[in-house]
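Notes for the one structure printed next.
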Amino acid sequence: MSQRRSYQIGTGLFIVLGFAALGFLATQTTSLANYRQGPTYALQARFTNVGQLKLRAPVKIAGVRIGSVHAIELEPDRLDAKVTLAIDERFKQIPDDSAAAIFTSGLLGDQYVGLQPGGSPDMLKNGDELVLTQSAIQLEELIGKYLVGGNPPSANAKPEAEKTSAPGN
Amino acid sequence: MSDANRTNVVGDGLAEVGRIGLFLVAVIAAIPRSLRYLRETVRQIFFVGAMSLVIVMTCGLFIGLVLGLQLYDVLSRFGGTASLGTVVSLALYRELGPVVTALLFAGRAGTSITAEIGLMRATDQLSAMEMMAVDPMSYVVAPRFIAGVIAMPLLACIFNALAIFGAHAVGVTWLGLDNGTFWSNMTSNVDVWTDVMNGVYKSMVFGGIVTLMASYQGYTTAPTSEGVAHATTRTVVFSSIATLALDFVMTAFLM
């Protein structure tokens with residue numbers, strides 16, 4: 001009887017431990033950990049290019065997380081990306097001339113929205129739009145511009161042609 | 001002559017695969033009847049699951065320590081040590097956790113299942129059960145199969161959790177990576193359904209295949225001490241091969 005009880009306790013302990021481990025993996029090490037249950041308010045920002053920005057990416061001021069990206073959609077009439085940010089209610093004191101930019105954390109890191117606080121005495125309210133924005137920096141474009149041959153070949157050819165023809169003239 | 005031999009080898013191999021397939025069908029058919037023996041199933045979860053905890057937890061911790069150390073070194077060449085947590089957790093959840101746990105499980109639980117059922121066969125206990133109108137498939141094999149399918153995902157999760165702690169100990173405590181960076185990079189890149197559950201599905205299948213191979217080898221063993229020894233060896237070899245082959249197929253499907 002006591003032996004049967006001890007293996008039942010052992011089995012129960014094993015199952016509880018297993019599900020505790022699954023719960024730990026699912027809630028503490030995945031994107032579920034970023035769901036903040038506290039109340040938030042929405043801000044809009046328009047970008048000409050959001051790069052690799054993903055839903056639930058962090059929104060930061062001075063490197064501290066204050067909210068997350070709630071929605072990314074294309075505005076059909078202006079053809080730019082409208083990003084909705086869900087900001088924690090605790091951070092109500094954001095001036096309405098603040099600027100939003102998309103940064104990358106580290107070389108291989110994820111992209112996030114960084115807010116640069118302005119100096120206006122008026123604060124942003126729910127549904128307001130951040131007017132000053134800076135799009136994501138495309139690493140490929142930078143490489144194309146500065147590392148691989150400078151200008152595209154057609155633009156390159158022109159000055160050369162002018163140069164060679166100049167002495168003849 | 002050699003041609004005939006070759007046909008025999010191919011034919012024998014195919015027949016073995018076919019017998020294992022038929023055995024799987026018989027086990028699945030016996031599952032509804034085995035629900036009467038719930039207590040036996042609980043006892044098997046204890047033997048294949050709880051008794052494997054020590055080896056799984058120890059190996060998980062050391063795999064985590066090694067992964068943390070190796071990947072820190074490799075990532076620091078690219079200046080990407082911030083993504084150590086992400087890389088370790090993705091490698092563990094999707095691949096290493098289920099596979100390494102399945103290999104340990106085959107060595108720890110699979111062999112004991114084979115030896116137990118094989119000795120039951122060698123000492124005619126299975127025939128005695130049949131004579132008493134107890135179906136050995138539903139009393140002996142199916143509870144072990146169910147226990148394997150239930151216990152393997154739990155073991156793999158425990159393995160993963162311990163390995164994350166190991167990687168954290170190396171990366172953050174020892175090598176001085178920032179604690180917040182480690183966790184926030186991990187949480188923003190790992191997804192519950194595509195990564196964590198992916199590993200859970202895999203380990204359920206691995207638990208089933210290892211216990212199936214082990215019971216099949218025990219059930220069909222030659223009723224001698226040598227036969228049981230060979231059956232135990234075949235369990236480890238075949239379930240390891242089946243695990244790794246199925247892993248490839250399942251990865252392709254679950255991507």
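Including glycine, each Cβ sits where the backbone N, Cα and C put it.
The transmembrane segment annotation in TrEMBL covers B:20-38 (among others). Residues 135, 137-139, 141-143, 145-146, 212-213, 215-216, 219 of the same chain lie 6+ residues outside the transmembrane segment (B:20-38) yet bring a C-beta within less than 8 angstroms of a C-beta in it.
Taken from TrEMBL, the feature transmembrane segment covers B:45-68 (among others). Tertiary proximity for the transmembrane segment (B:45-68) is limited to same-chain residues at least six positions away from its ends with a CB under 8 Å from its CB atoms, namely 84, 88, 91-92, 96-97, 100-101, 104-105, 108-109, 112-113, 144, 147-148, 150-151, 154-155, 158-171, 175, 211.
Positions annotated as transmembrane segment by TrEMBL: B:74-93 (among others).
Remote same-chain partners of the transmembrane segment (B:142-175), defined as residues 6 or more beyond its termini with a Cβ less than 8 Å from a stretch Cβ, comprise 27, 30-31, 33-34, 37, 40-41, 43-45, 47-49, 52-53, 56-57, 59-69, 71-72, 81, 84-85, 88-89, 92-93, 96-98, 100-102, 105, 109, 113, 182, 199-200, 202-204, 206-208, 210-212, 214-215. TrEMBL lists B:142-175 (among others) with the feature transmembrane segment.
Annotation comment: TrEMBL describes B:196-216 (among others) as transmembrane segment.
Here the transmembrane segment (B:236-254) has Cβ contacts under 8 Å with residues 94-95, 98-99, 102-103, 106-107, 110-111, 198, 201-202, 205-206, 209-210, 213-214, 217 of the same chain, all six or more residues outside its ends. Among the features that TrEMBL reports, transmembrane segment is placed at B:236-254 (among others).
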